[in-house]
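First comes the structure, then the notes that go with it.
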């Protein structure tokens, strides 16, 4: 029982981090139909900016820099690169984002080295004992920060101003006809996804140790989480990611820690075969 | 429409569809611009020249380069077939390659089978992985293809890394491989086997393009819904495309172990995926000559800078090249060349 509770905590923590990436996917996918592969690499970039570069600057400043850069990278890459490729074919833009992820990975590898870098948590090393369950300050912070961000996003989308975004999710062309500035909204959503990715990187680094190669792994796992729940809505994408985190923790705790990556993708393939719309997603008809 | 999807609208997932392209879709545009002798003679002459190339008298380093070029070209053509002909976007070529490499080593080194039996079995193993990939992507939107196929490489790496029989994270080294009784450590033998597979595969693709099969594949690429409406079972052709591509990519992987003499989980890695993707995108997905030229040129470039300081930047350069090509030259070198060639031919015809 104690082990079970401990695994639930671990699963919630990793699931929240996957959820941050998955939210980015869901927001961009519903708004533009684009799957941004580079989100994982952006998370990695955020982690490096917060923990490795500019060691002389106080950490909170570096975290702010990391968040700002996350938003800027996201917005610039859409407006300068993906948008033009997406006009021709969405798949070209997806390949482009994959290539851009490799570019980020290589830039970081060349400038900071390809080895794992330890990242001390900004929340200190305090460990809380709740009954039989131990939870570190960092783990607690991960859950709290993600919960705040998720609720913030949901509240924003539910508000009156958020109605414009929802209108765009439902039908971008009609929204544009009704006078909603979809281009500006898309830019804002890209900024949001960039910030979420940077937060994911900052939160994940002390748990996983930083390396240039963590990016694509995060990108893939976040995507699996989003697919598991359903990419079409933000809530289902988050729920799917947390579910995936729990599944992974249980598998690692009870079956085999070595083969957890294989499990994640086995789940992925199964979902795609059995229920491509996601466990919680609604099956939508393709418009012809 | 029976295929469920989460796609709110159906975005255009074709990689190189151009709205402002003056050309009609290329499967209807298979017009012959070159005279017949050039169409048939040139490839035959080039193939004979490629087979005879080692007799010109080249040193050992160049022999190894040739072998490597043949392996990479085979892998790149397998991607050309999947992406350019069938329109199925794959980042899973490294998955096939790695499976081929490991199956090849188990059969030829651990079990001591001759390559003449083992290589066809490797192809079967690659085809099976391809079929599995096809199952996984059958009902999903094409935008998921990228991540789905990429996941196969990650699974492969995770699995072999944790199996001691396959060398674990360190990998295996020093194999005794045979092909028809000949030791498979001679780069020229590897080159000729690779070239043989490459030529067979290219002949298959070329003849397929003009057959019912190829037209069905290309119809699925141009418009899956339209293709289904005229009775093309796009799902079945997807199995075929993934299976065939996987078979040849696996053979390439198996030849690679003979070439490299070591085998570790990095064969599943992103470096290879990026390299092949760069070759296919820069060469032009739909253009077989373009892909071949890009395979030879980029492999030569990589070996030329090997050991130099800039070799560290090769992957960065490749990835940046993909971004720039997609932005400015969406049809790649091959596409750009054939467009200007057509324009030239049209002008000549009019005047």
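Cβ from N, Cα, C; glycine included.
TrEMBL entries are annotated by machine, without manual review.
It is A:188-208, from the ranges A:167-187, A:188-208, that TrEMBL records as transmembrane segment. Beyond its flanks by at least six residues, the transmembrane segment (A:34-54) meets 20-21, 24-25, 28, 62-63, 65-67, 69-70, 73-74, 77, 82, 86, 90, 93-94, 97-98, 100-102, 104-105, 108, 112, 117, 119-120, 122, 193-194, 197-202, 204-205, 210-212, 214-220, 222-223 of its own chain at Cβ-Cβ distances under 8 Å. Across A:6-27, A:60-82, A:188-208, stretch A:6-27 shows the highest tally of CB pairs under 8 A with the transmembrane segment (A:128-158). The stretch in closest packing with the transmembrane segment (A:6-27), judged by the count of Cβ pairs under 8 Å and taken from A:60-82, A:188-208, A:214-231, A:238-257, A:263-284, is A:238-257. When each of A:60-82, A:188-208, A:214-231, A:238-257 is scored by its Cβ pairs under 8 Å to the transmembrane segment (A:263-284), the top-ranked stretch turns out to be A:214-231. Comparing A:60-82, A:89-108, A:188-208, A:238-257 for CB pairs under 8 angstroms to the transmembrane segment (A:214-231), the maximum falls on A:238-257. Same-chain residues lying 6+ beyond the ends of the transmembrane segment (A:89-108) with a Cβ under 8 Å from its Cβ atoms: 33-38, 40-42, 44-45, 48, 77, 81-83, 212-213, 215-216, 219.
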